[in-house]
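Chemist: Next up is a structure, given as structure tokens.
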Amino acid sequence: MADIIRDAAIGQLIRWVTRKRYLKYPEERDDFVLPEPWVQLMNGVPLTSHNTSTSDASTAAEGKETGGILRTPSNGSTRRDASPPPSRAPKDEEAPTEPRTRHSEDHHDHHGGSHEHVQHSDLGDMTARRLREDEEHELEKVKSIPIVPQTTKDGAILVDWYYTDDPDNPYNWSRSKRLGINVLICLYTFVVYTTSAIYTTSEGGIMQRFGVSEIKATLGLSIYVLGYGIGPLIFSPLSEIPLIGRNPVYIVTMFLFVIISIPTAFAPNYPGLMVLRFLQGFFGSPCLASGGASLGDMYSLMALPYAMMSWVAAAYCGPALGPLLSGFAVPAESWRWSLFESLWASAPVFVCMFLFLPETSSANILLRRARRLRKLTGNERFMSQSEIDQHNLHPGQIFLDALIKPLEITMKDPAVLFVQVYTAIIYGIYYSFFEVFPLVYPVFYGMNLGQVGLVFLCILVSCIIGVAVYTAYLYYWMNPRIEKFGWPVQEDRLIPALPASVGPTIGLFLFAWTARASIHWIVPTIGITIYGATVFIVMQAIFVYIPLSYPKYAASLFAANDFFRSALACGSVLFAHPLFHNLGVARGTSLLGGLSVIGIIGIWLLYFYGAALRKLSKFAESGEADEEPITQEKN
């Protein structure tokens, strides 16, 4: 628990206020021992199999002596003081005798466990390397094997994890710690998405209070959605800069989200309310694109789809449960009540994040470790990989790439273009429900606002069905096939989306032609449930396919996807009401059902021709070989 608080925002604040007297990192403690290979590289001693043996690898150095010069005593260690070594057994006396060389190309022929048959020949360089590292790490993290640092051609010592079970490595965190962080990210995502649609029950009151039309009242929802579509284009690149990391972006923007929620609830005029709603969406957006990246920081490729499901479910159910949370309160109190509820929900989540959400970016963690080692030893050769990478990068170029590269890939790569267009369509249809439900259930079935909110529970039911189906697919089909036949091609991840792709069309047409007073309300609701469950499965398959096929640009593509989805959803909220009023519920929903047919054709074409498209693409893995980040000397 102490390390969680130390790495969370509250811990970093305490460290800053106390000038690092409390909540110290290992390198800042008097009993810290630097592994012997690091000391030897620092002192210019060549690494050999003899001097990296187990007996020597456990001895270490902590820091400067009084004269400011590190020296190696007879026992091979350099310490912060002249006190004898600790009486406890060194950490790696329990480890195997061979230290591990990080990023070594000398992989074992047999990995053991459930992955021993995995073949990497058909995978792109980046995915194959990530999979190999996952396999090795799963085997080695239960041991304490010292990791031998490497040097660059320029003589820099690359700062890495000290041992394979290094507790600072997010992959080594306990299951309960990762689960807690996962829950926090899901709550964060859920609150931001819920705040979008919780506003819908207040539209009638806003029309009366400010004397605006129905379209203008609806703008409060659409402009919020637009805000959280634009935000990731700025905040996602920020979180990818190792010097910043993910946590500062999350904490600062969530704090602003909570603060802005206060004047939003008390907005005295319509223009002010609209501006504040946009800012709410804008500052709440980082988790919507980077939440998946945070999970990817902690979970292996085999475990990541399970973790991603919880995050996607939180994002998927959030908007649907918004009207339920405010549906009974707004008629009983006032239209401002829904805006108060968003404040009451977001403030406790922010407090939990401030107290318990640690940094998950390995690049940021190692960068800060490199700084501590330089301060400890006085040796400027200690550098993290991210520091070396950023020597030739400028923030302006990073932002330019983040804004331009996704658009370039979308325009030039047919597979990405389809994914962006299709997900935008189904997301836009999803947000049109907030306009069509009030035209169906109160009119045909006499429901009030609270009861209409209860109808949105069908989205929660559909999400549960989608999670159950996709989990069964992973557990009973995909993972056993990986264990038996090896890692599949990326298109196999689309298999559950093939039958599910027809579901949105079926569900929409069922809703369109059964939403009438002569047919029980449960029938059109079943249509929405079918739509919701199958869309969840399709989205989950697509969101796994994209990072596997375009890992080098995954973060940018997710931010771009969020923008495309949100832009169309923003428009759909505005055009849905005129659409259904002019065409009627049946014809209007049928039009949307016809648009969803694009997905059926596209998913099947992507499954059969995706591999060929990737070979032609200069952005996909099979089209553009990944380059090594730096040239290293093998020790």
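Cβ from N, Cα, C; glycine included.
According to TrEMBL, the protein carries these features:
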COMPBIAS  49-58  compositional bias 'Polar residues'
REGION    49-123  region 'Disordered'
COMPBIAS  89-123  compositional bias 'Basic and acidic residues'
TRANSMEM  179-199  transmembrane segment
DOMAIN    181-614  domain 'Major facilitator superfamily (MFS) profile'
TRANSMEM  219-236  transmembrane segment
TRANSMEM  248-266  transmembrane segment
TRANSMEM  278-299  transmembrane segment
TRANSMEM  311-331  transmembrane segment
TRANSMEM  343-367  transmembrane segment
TRANSMEM  415-434  transmembrane segment
TRANSMEM  454-476  transmembrane segment
TRANSMEM  497-515  transmembrane segment
TRANSMEM  521-546  transmembrane segment
TRANSMEM  558-579  transmembrane segment
TRANSMEM  591-609  transmembrane segment
Chemist: Cβ under 8 Å to the transmembrane segment (278-299), counting only same-chain residues 6 or more beyond its ends: which ones?
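Modeler: Distal contacts: 170-171, 173, 178, 181-182, 185-186, 188-189, 191-193, 195-196, 223-232, 235-236, 239-240, 246, 249-250, 253-254, 256-257, 260-261, 264, 306-308, 311, 315, 342, 360-362, 543, 547, 554-555, 558-559, 562.
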Chemist: Counting a contact as 3 or more Cβ pairs under 8 Å, with residues at least 6 apart in sequence, do the transmembrane segment (343-367) and the transmembrane segment (591-609) touch?
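Modeler: Per Cβ check, the transmembrane segment (343-367) does not touch the transmembrane segment (591-609).
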Chemist: Look over the recorded stretches 179-199, 415-434, 521-546 and say which has the most C-beta pairs under 8 A to the transmembrane segment (219-236).
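Modeler: Most Cβ pairs under 8 Å with the transmembrane segment (219-236) come from 179-199.
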Chemist: May I ask for the residues of the chain that lie six or more residues beyond the transmembrane segment (521-546) and have a Cβ under 8 Å from a Cβ within it?
Modeler: 292, 305, 308-309, 312-313, 316, 320, 416, 419, 422-423, 426, 429-430, 433, 440-441, 444-445, 447, 455, 458-459, 461-463, 465-467, 469-470, 490-491, 493-497, 500-504, 506-512, 514-515, 554, 557-558, 561, 599, 603, 610
Chemist: Which residues of the same chain, at least 6 past either end of the transmembrane segment (179-199), have a Cβ under 8 Å from a Cβ in it?
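Modeler: Distant contacts of the transmembrane segment (179-199): 4, 173, 220-221, 224-225, 228, 250, 254, 257, 261, 277, 280-281, 284-285, 287-288, 291, 294-295, 298, 307, 310-311, 313-315, 317-323, 325-326, 338-339, 341-342, 345-346, 349, 352-353, 356-358, 360, 434.
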Chemist: Which of 311-331, 415-434, 454-476, 558-579 has the most Cβ pairs closer than 8 Å to the transmembrane segment (497-515)?
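Modeler: So the stretch in question is 415-434.
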Chemist: Find the member of 248-266, 311-331, 415-434, 454-476, 591-609 that has more C-beta pairs under 8 Å to the transmembrane segment (558-579) than any other listed stretch.
Modeler: 415-434
Chemist: In terms of Cβ proximity under 8 Å, which residues at least six beyond the ends of the transmembrane segment (311-331) contact it?
Modeler: 182, 185-187, 189-202, 205, 288, 291-292, 295, 337-338, 341, 345, 430-431, 433-434, 437, 448-454, 456-457, 459-460, 463, 466-467, 532, 536, 539-540, 543
Chemist: Go through the chain and flag residues at least 6 beyond the ends of the transmembrane segment (454-476) whose CB is under 8 A from any CB in it; none is fine as an answer.
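Modeler: Distant Cβ neighbours of the transmembrane segment (454-476) are 305-306, 309, 313, 316-317, 320-324, 327, 433, 437, 441, 447, 495-496, 521, 525-526, 528-537, 540-541.
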Chemist: Please indicate, using numbers and ranges, the residues of the same chain that are 6 or more beyond the transmembrane segment (248-266) and have a C-beta under 8 Å from a C-beta there.
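Modeler: Sequence-remote neighbours of the transmembrane segment (248-266) are 9, 188, 192, 195, 231, 235, 238-239, 272-273, 276-277, 279-280, 283-287, 290, 336, 339-340, 342-343, 346-347, 349-350, 353-354, 357.
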